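Some notes on the structure that comes next.
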Amino acid sequence: AYKVTLKTPDGDITFDVEPGERLIDIGSEKADLPLSCQAGACSTCLGKIVSGTVDQSEGSFLDDEQIEQGYVLTCIAIPESDVVIETHKEDEL
């Protein structure tokens, strides 16, 4: 399993995600995360990767430049390593 740490306005939340599992499937039970479409087509769930890698290829909202800057759509992100993500970043776009 990969260790996921979400840095939320309410503090850090850490949990394990199995390979191939979307972090939101566990994360939404652990934290009050902003969600809307849950399909990677909007920016409600936007976060920023501090460390680690995720697969967010299902998403359509972010362009390559935003992804290179570390932005991530947490609703579709599948961790590919231990990962630390700052949540609640929609206002930055």
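Backbone N, Cα and C define each Cβ position, glycine as well.
Taken verbatim from Swiss-Prot:
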| type | residues | note |
| --- | --- | --- |
| DOMAIN | 2-91 | domain '2Fe-2S ferredoxin-type' |
| BINDING | CYS37, CYS42, CYS45, CYS75 | [2Fe-2S] cluster binding site |
For the domain '2Fe-2S ferredoxin-type' (2-91), provide the mean pLDDT of the predicted model.
-> 96
Within the same chain, and leaving aside CYS37, CYS42, CYS45, CYS75, name every residue whose CB is within 8 angstroms of the centroid of the CB atoms belonging to the recorded [2Fe-2S] cluster site, in sequence order.
-> LEU35, SER36, GLN38, ALA39, GLY40, ALA41, SER43, THR44, PHE61, LEU73, ILE76
Quick one: give me the count of other CB atoms within 10 A of the CB of CYS42 ([2Fe-2S] cluster binding site).
-> 17
Would you mind listing, in sequence order, the residues at least six apart from CYS37 ([2Fe-2S] cluster binding site) in the same chain with a Cβ closer than 8 Å to its Cβ?
-> THR44, CYS75
Taking the Cβ of CYS75 ([2Fe-2S] cluster binding site) as the centre, how many other Cβ atoms fall within a 10 Å radius?
-> 28
Summed over the domain '2Fe-2S ferredoxin-type' (2-91), the DSSP helix, strand and coil counts are 15 helix, 31 strand, 44 coil
List the residues of the same chain that sit at least 6 positions away from CYS45 ([2Fe-2S] cluster binding site) in sequence and have their Cβ under 8 Å from its Cβ, in sequence order, or write 'none'.
-> ILE24, LEU33, PRO34, LEU35, SER36, GLN38, LEU73, THR74, CYS75, THR87, GLU90
